[in-house]
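Q: So that we are looking at the same thing, I have put the structure below in structure tokens.
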Amino acid sequence: MNIEAIGVVGAGQMGNGIAHVMALAGYEVLLTDVSQQALDDAMEVMRRNMERQVSRDKIAQADMDDALARIGTTLTLTDLGRTDLIIEAATERETVKQAIFEDLMPALKPETILTSNTSSISITRLASRTDRPERFMGFHFMNPVPVMQLVELIRGIATDRATYDACLGVVERLGKTAASAEDFPGFIVNRILMPMINEAVYTLYEGVGNVKSIDQSMKLGANHPMGPLELADFIGLDTCLAIMNVLHDGLADTKYRPCPLLTKYVEAGWLGRKTGRGFYDYRGETPTPTR
Ligand code: CAA
């Protein structure tokens, strides 16, 4: 399968990162979202992130200019029908993703590969509701996409070898490394990472440490680049809670129960960096712990 044109659904944090790395690797990219503002914002974020890479000599100015020229945007989802590989990076809600695949299907070329950047929804279940479960798989990037080396590739029960190999080829062309994960809740990264973050929230909830001491402990004591609560804010507390619920429901083990304090922050709308407040308050000069 020759992949040259890539469709990206969703221009948020993950979608714009995916479009960014694909365009720099030489793919033609078509990015879609439901709002023109989201598309404009995404182009601006990509330009800023590429400028940062130019200023640090990671890429040349010409690479940036060529990459930005390879990214097209559209408000019409079905325009993506002419691409060879589609990566859905919309809101992490199964009904939303399912509706996107349903709308896309009539417009797709028979050979187009459909993938989802979902961090936790069953690939097999998403695939089963499309017309091409054998050409469907999970293509899971880590945040921030331009920096993180790993991509999880998740095969559903029906995914065929050619589809897997084609996606692996894309990961290699990006200069990233693929980890092959089976289709079980949370795959590999979130199965391990989210219980750690959830445990950090329990540590806070039970008063063992405050936000600062918990984050410092893991940064200085375990060499993590970010503390678990800072990382939770970076990922989004709603996303963390949704993934814990998927682990809890899907694996039916109480060890995955989400911490009530995490639920409370989400109920408050304190979702982390994206809303200006989570375990830290980002509205001032420097982030200040909220506990
Ligand atoms: N685009 C391009 N470059 C970026 C970038 C972006 N969005 N964000 C950061 N960078 C680059 C910087 O330019 C810098 O480059 P150099 O090394 O060339 O100088 C480098 O990344 C480091 O950035 P900073 O110096 O600004 O900041 P830092 O040293 O604190 O690193 C970080 C930032 C890379 C985010 C680091 O803190 C980190 O690795 N944190 C952990 C991230 C993580 O765990 N991500 C996974 C989340 S889980 C997930 O994504 C899966 C899921 O389903 C929830």
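Placement of Cβ uses the backbone N, Cα and C atoms for every residue, glycine included.
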Q: GLY10, ALA11, GLY12, GLN13, MET14, GLY15, GLU92, LYS97, SER119, ASN143, LYS274 bind NAD(+) according to TrEMBL; which of ASP33, ASP79, ASP160 goes with them?
A: ASP33
Q: What three-state class does DSSP give HIS140 (site 'Important for catalytic activity')?
A: strand
Q: Going along the chain, which residues six or more apart from MET14 (NAD(+) binding site) have their CB under 8 A from its CB?
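A: Result: ALA89, ASN117, PHE141, ASN143, VAL145.
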Q: Filter the binding-site residues GLY10, GLY12, MET14, ASP33, LYS97 down to those with CB closer than 6 A to an atom of ligand 1; keep them in sequence order.
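A: The ones that qualify number zero, so the answer is none.
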